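Have a look at the structure below, then the notes.
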Amino acid sequence: MLIFPLINDTSRKIIHIDMDAFFAAVEERDNPALKGKPVVIGKDPRETGGRGVVSTCNYEARKYGIHSAMSSKEAYERCPKAIFISGNYEKYRTVGDQIRRIFKRYTDVVEPMSIDEAYLDVTDNKLGIKSAVKIAKLIQHDIWKEVGLTCSAGVSYNKFLAKLASDFEKPHGLTLVLKEDALCFLAKLPIEKFHGVGKKSVKKLHDMGIYTGQDLLAVPEMTLIDHFGRFGFDLYRKARGISNSPVKSDRIRKSIGSERTYAKLLYQETDIKAEISKNVKRVAALLQDHKKLGKTIVLKVRYADFTTLTKRVTLPELTRNAAQIEQVAGDIFDSLSENPAGIRLLGVTMTNLEDKVADISLDL
């Protein structure tokens, strides 16, 4: 029995762009000697006593089973010849900005999901090009010619299918999913490939005998809702290629933050304050980029024993002034009870964000 009507908007033209092994690709571009070698973005475990995690890695390293969020120690054990690079996140952010400017040539309806991926609605694009596939090819060409990097593209009538399509043929692939092909495309996919279906849901689906899109398609809507609640409603529609979520070019950010984990524990106040300052500068730069001001400053401290303290202060006025944020973050740290254990993580976050007002100038 169908609980809610199925409304499927197939009139849109959506592109999902996903940069190929982005951080590692930037490093290879800037150091051609790395090409063809397994490259891991993360601290070298031989220098950190085995601590640290993999941020990302190139396709050569993935042949050894290395993946993001894996411990650096395990990555080294899988591939002792891997080249570990700590990463230059300011450089990656600059390259990401270049890529976003390329997107904007074609449409202003761009929804960045992270530094290396974004959705574009090109239904009504700036150049009046009718073919979304042609636009995707032009974007791939522009990024390669101007930035020296490859990306994969997925094209379809909604974000869900475009995202799946971009992951279908990597690296440097382009996959189109038409409305008449959607059910066949989804039927063959393992359920864990469905974007938005996490590990816990995958296990639950497997327990129900659901392993592929075809299996999911056969399950009644009410059964899915009984097992998954509101998410069951979404699953029923995703199995049918239905997802009407718009591309949101003005995604609302609830917070902007920066945190760092330290392989070598911090003990000295001067070192701690210096690291707080680095985080603050990163936050201030992000506030500037996103044209945001904030009122609440949050300091996060994690000690060697994994005790984590979070404390916040709300200011009377909006700000994005780095010196002001740093002063408050430093005061918050000074107010914490002394802990002889070294610090392994520091984070600074700005919340209660609002759009920048033209007559406020607090970033001098």
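For all residues, glycine too, the Cβ spot is worked out from N, Cα and C.
Swiss-Prot has this to say about the protein:
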type: DOMAIN; residues: 14-198; note: domain 'UmuC'
type: BINDING; residues: ASP18, ASP116; note: Mg(2+) binding site
type: SITE; residues: PHE23; note: site 'Substrate discrimination'
type: ACT_SITE; residues: GLU117; note: active site
Three-state secondary structure, PHE23 (site 'Substrate discrimination') (per DSSP): helix
Recorded positions (ASP116, GLU117), the one with most neighbouring Cβ atoms at 10 Å: ASP116
Mean of the pLDDT scores, which run from 0 to 100, over the domain 'UmuC' (14-198): 94
Neighbouring C-beta atoms (10 Å sphere around the C-beta of PHE23 (site 'Substrate discrimination')): 26
PHE23 (site 'Substrate discrimination') and ASP116 (Mg(2+) binding site), distance between Cα atoms, whole Å: 9
In the chain carrying ASP18 (Mg(2+) binding site), residues 6 or more apart in sequence that have Cβ under 8 angstroms from it: ASP116, GLU117, CYS151, SER152, ALA153, GLY154, SER166, ASP167, LYS170
